[in-house]
Amino acid sequence: MLNLSFYLTVFLLSLGQLTSVYKSGESNVYLFDVSMLVFSFFGLIYFLLVKKSFKLPKFSLLFLLFTLVAFCSLIFSYQNFSFEEVITSSSYLVRWAAYLLGSIVVFNMIDKGLITRDKVLNTFVLSGVLLSILGLVQLLVLPDFNVLDLSLGWDPHKNRLASTFFDPNFTGAYLVICLIILFDKLSFKRNVEKRELFMLLIMLIALFLTFSRSAWGMSAIAILIYGFFRSKNLLIVSLVLFFLAYFAVPRIQTRLSGITDPADSASLRLLSWKNTIEIIKDNIFLGVGFNTFRYVQKDYGFLTPETLNIHSGSGSDSSLLLIWATTGVIGLFVFLMSMIFPAYESIVKKNSSKLIILSVVFGLLLESLFINSLFYPQIMFIYLSLLFIL
């Protein structure tokens with residue numbers, strides 16, 4: 001039953017925005033969140049009451065400490081917000097805790113023999129394939145997001161694969177993680193099956209069609225790590241393919257050169273960083289409170305009544321800056337250690353899966369400078385699970 005709940009949860013996560021059951025202003029309810037709450041809660045009850053054993057993976061302790069810091073930051077700042085705002089902010093802390101607990105449940109499922117690690121990894125890869133296929137369908141059915149109602153708060157992406165996440169950057173980040181898992185598996189095999197090549201190819205095509213610079217940068221980190229530790233030829237082949245694609249596809253040139261264009265989204269990221277840093281300067285040590293960022297931005301005048309409910313309003317275009325702004329320097333330090341320690345230990349102890357861990361950790365840390373990827377539900381669940389089970 002717990003296995004079925006895990007598969008269902010990953011499937012619903014892959015469906016992303018299609019599982020929305022309630023939207024009102026800044027409040028959103030998704031079936032994948034409900035499924036994760038059920039999976040994590042009943043998983044905890046099952047292991048405590050039936051198996052009489054519930055282990056905490058070593059690297060979960062720092063994440064649990066971060067959760068405590070986030071909770072304290074919210075408690076210390078509650079007097080600055082209305083009751084409704086505190087409740088809304090608290091709900092997102094519950095969401096984070098549910099995904100963290102869900103990842104710990106996955107660890108215990110493997111530890112107790114309910115599911116194998118390979119099945120978990122294969123499930124994540126298949127979710128990436130499904131996301132890619134649905135993304136190709138989206139490009140055919142909805143290539144231009146400008147046709148969507150502005151009140152929905154979506155960015156006007158055009159001719160970019162955004163899939164069910166409705167965002168090419170988050171979709172790209174998720175696909176990179178799935179590609180890392182699959183590539184690591186294939187790199188140890190002498191004979192690669194056709195279906196595995198199909199999965200690899202379709203996710204690579206989908207990643208390319210996101211035209212997401214942050215996702216491409218994340219994939220570049222993975223290529224560098226695998227090229228350095230496993231095959232120098234990978235670096236050469238990747239470099240050749242990059243230059244061929246750069247000169248063959250004009251839009252790649254446009255996307256990369258657009259970094260310096262004031263009208264490009266990169267300039268909006270710079271503005272987001274600037275606004276976040278201004279908030280940090282006034283709240284360096286304790287932060288403004290976990291997930292209260294939308295209300296603080298409103299108070300600073302960074303959000304207007306027209307932009308208050310946009311999807312990006314609750315976060316910054318940098319997960320790390322957002323963590324600092326909302327939980328203070330202590331929260332930032334604890335979270336960074338939560339990510340870096342698994343990478344460090346995988347090198348010291350020569351973990352056989354060290355390249356997955358290194359690629360995911362440093363790739364995500366890089367991408368999280370440009371989007372709020374570390375707290376995106378689908379990405380949260382996959383990277384936390386990988387850190388705990390590998």
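Note: Cβ is positioned from N, Cα and C throughout, glycine not excepted.
Curation does not apply to TrEMBL; its annotations are automatic.
As written in TrEMBL, here are the features:
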| type | residues | note |
| --- | --- | --- |
| TRANSMEM | 30-49 | transmembrane segment |
| TRANSMEM | 61-81 | transmembrane segment |
| TRANSMEM | 93-110 | transmembrane segment |
| TRANSMEM | 122-142 | transmembrane segment |
| TRANSMEM | 170-188 | transmembrane segment |
| DOMAIN | 198-336 | domain 'O-antigen ligase-related' |
| TRANSMEM | 200-227 | transmembrane segment |
| TRANSMEM | 233-249 | transmembrane segment |
| TRANSMEM | 321-344 | transmembrane segment |
| TRANSMEM | 356-389 | transmembrane segment |
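Mean pLDDT for the domain 'O-antigen ligase-related' (198-336) in the predicted structure: 83.
Remark: the transmembrane segment (122-142) contacts the transmembrane segment (170-188), by the rule of 3 or more CB pairs under 8 A.
Sequence-distant contacts of the transmembrane segment (356-389) (same chain, six or more residues past either end, CB-CB distance under 8 Å): 9-10, 13-14, 16, 30, 32-33, 36, 57, 59-60, 63, 95-96, 99-100, 102-104, 106-107, 110, 117, 120, 124, 165, 169-170, 173-174, 176-178, 180-181, 184, 213-215, 217-219, 221-222, 225-226, 229, 269, 312, 315-320, 322-323, 335, 339-340, 342-343, 346-347. The transmembrane segment (93-110) makes no contact with the transmembrane segment (200-227), as judged by fewer than three Cβ pairs under 8 Å among residues 6 or more apart in sequence.
Just going by CB pairs under 8 A, the stretch in 30-49, 170-188, 200-227, 321-344 that sits most against the transmembrane segment (61-81) is 321-344. Long-range contacts of the transmembrane segment (170-188) within the same chain: residues 121, 124-125, 127-129, 131-132, 135, 161-163, 196, 199-200, 203-204, 206-207, 210, 212, 214-216, 218-219, 222, 226, 230-231, 353, 355-356, 359-360, 363-364, 367, 371, 373, 376, 378-379, 382-383, 386, each at least 6 residues beyond the stretch ends and with a Cβ under 8 Å from a Cβ of the stretch. Beyond the transmembrane segment (321-344), the same-chain residues lying 6 or more positions past its ends with a Cβ under 8 Å from any Cβ of the stretch are 59, 62-63, 65-66, 69-70, 73, 273, 276-277, 279-280, 283-293, 296, 315, 357-358, 361-362, 364-365, 372, 374-375, 387. Across the domain 'O-antigen ligase-related' (198-336), DSSP assigns 106 helix, 0 strand, 33 coil.
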